[in-house]
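Taken from TrEMBL as is:
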- 13-261: domain 'Nmd3 N-terminal' (DOMAIN)
- 348-427: domain '60S ribosomal export protein NMD3 OB-fold' (DOMAIN)
- 479-538: region 'Disordered' (REGION)
- 479-496: compositional bias 'Basic and acidic residues' (COMPBIAS)
- 510-528: compositional bias 'Basic residues' (COMPBIAS)
- 589-630: region 'Disordered' (REGION)
- 589-602: compositional bias 'Basic and acidic residues' (COMPBIAS)
Amino acid sequence: MATLSNAVNRIPCCLCGTMIMPNKANQCSSCLAQNFDLKSMIQGNTEGEPITIYQCRQCRRFNMKADTNHNYQYCEPESPQLLSICLKHIPILTKKGHSSHTNKIHIVDSSWIWTEPHSMRLKIRLTVRTDLDEVTVQQRVPVLFKINWKMCNDCDRQYTNRTWQALVQLRQKRENGSSRKGLAALEMALSKPSNRDLRRTVLKIDSSRNGLDFYFLSLPQAQHFAHFLARLAPIKIKTSQKLVSTDAKNNTANIKHTLTCDMVPLCRDDLVLVQKESRNLLGGRLALVTKVASVVHLIDASPKRSPTNQIDCADITAEAYHKNGGGGGTASANEKGCYSILQTSERLVPFVVLDMELCGDNKDHRQYEGPSSGVEKYALADVQLARESDLGANDEILSCVTHLGNLIQPGDVVLGYDLVSTASNLNTTIHKASSAKKGSSFMGASSVVGLEEVLNSNVVLQDVVLVKKISAKEQKQRELAEDMATRQINHDHEMDATLNDGGGKDTARRSGKMSKKKLRRQQKRDKKRRELEESAARMGFMDDFAEAETAYQDMVNEDDEVENNDNFAKQLEDDPELAAELRAVEKELAAAYPDEKKKSDGDGNNLQENNSNKEKEGQTNKMNLAPIEE
């Protein structure tokens, strides 16, 4: 009975006759979809014109909403982000674009249709579903978009006088000539692909004497950038403002903000003098900078011999450094500074480890190979060294106590600061921070003292302060550099010898008339020619050149001989007496050597016989050809 009732309730479609359930239109879904064109409804017009989407020509960002010009976003071609922006620009999918004949359109699926990148067109394929007169209709519709150029507000501000709103001044003040490793590390961190979004917020970069200037459109962008730098290096941030203009009617003001980021001037491998007034564990000692991150890590550079292998370390934040007066990166820059740089990495000297003995009770000397090796990185050790440049020249041996006990062994090459050779430089005038007495009118007085008076009384200066071990890769690079330098010196000696020996007489004559500048040019050309010949010889081209040169020389000699014979014959014609004397000499030679004459006569007779035979053959050929001609 249920089947019979269903069959009675079905009606045929008024257009195609398909049995369907009754509805208001009395049409099936296929016929209903043909009458209602969803493509024109989604496209927004019946002519098939594309939907306009705006892109900034300068920054290549797309406008996220059609009715505003404030929100722009960067999207990759055919990305999901760009697809969502395109869907937001379709009028019928928004609340304002609903038709009275249709309910809300639901998107079932969406995908990209490939278009030429330079065509300024975007095409997507939509699968939509809607209800038309209580009938659910689903269609797959292509939608076309047209890209038009429209400059965003951020790029528009760059072409006015108010191009930037915030400025970040990054500074690292060190001695003139000393490297700024901190700035180099920050530049490398900013160049990483993961920080691409951070770089896009920067409008412009200018270089200054001690750092860089970064310009931004808004203060939040500059603050985000400054906090990013503070996570990588010890930086003190100071904010200042400058009033540009005001509007009393609207109670608004145009203010430019400046964020000054002062980096701590201490860099890795620097030898630092920590004065007593620093209130630090390393106060009154020499310290070595081992690492620079958000804080500066220091280690004792003049450790005491201790069986417990205790090494004093300290961490300095940017606030603590500037609170104690800093030091400006120099030993005499700030009279209130508690941290003074005595040596930088440019003055590192290579040493060879002759002997090494750990200061602790543990006699098992295991090398530190990483955190998983189970060995502490630093350990005190007595080391005997020799300068690498003194090997074979003298027997001077230096000794020190170092923290690299678990990293080095006899025979290794290490880098360190030679305090024996630079003792005069270390004992130069150092401004010692003097506490201002209460009620004294002379505030901040400085006294000129030596290095020994600044350090604690129990501190013993070592001959050498070891910094790090040279790895195998660095050692290979050093050997290659030394080899190249030796080759250059040998080449210069060869050049001098060439100018002094007999082979260089022509060059020496030219050098007397040439200026020094021309002589250097000539030497460069000669050097280039020799290098070219050597490379050609290695590739086998010089053998071909030698054979060609020999053949050319033989040809030239034959031409010269023929020319000389012609000249001699003309000379005999012009001088009859010389010709008569020559014939007389020929007769005397013929009488003295008759055998040679017979040979020559025989050769002449043979030549005559050959000529006569050729003449007879020619006559015979003529006789044979005569009857044929007739």
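Placement of Cβ uses the backbone N, Cα and C atoms for every residue, glycine included.
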So what's near the compositional bias 'Basic and acidic residues' (479-496) in sequence-distant terms, Cβ-Cβ under 8 Å and 6+ beyond its ends?
523, 527
Restricting to the domain 'Nmd3 N-terminal' (13-261), report the mean pLDDT as a whole number.
84
Looking only at the compositional bias 'Basic and acidic residues' (479-496), how are its residues distributed among DSSP helix, strand and coil?
18 helix, 0 strand, 0 coil
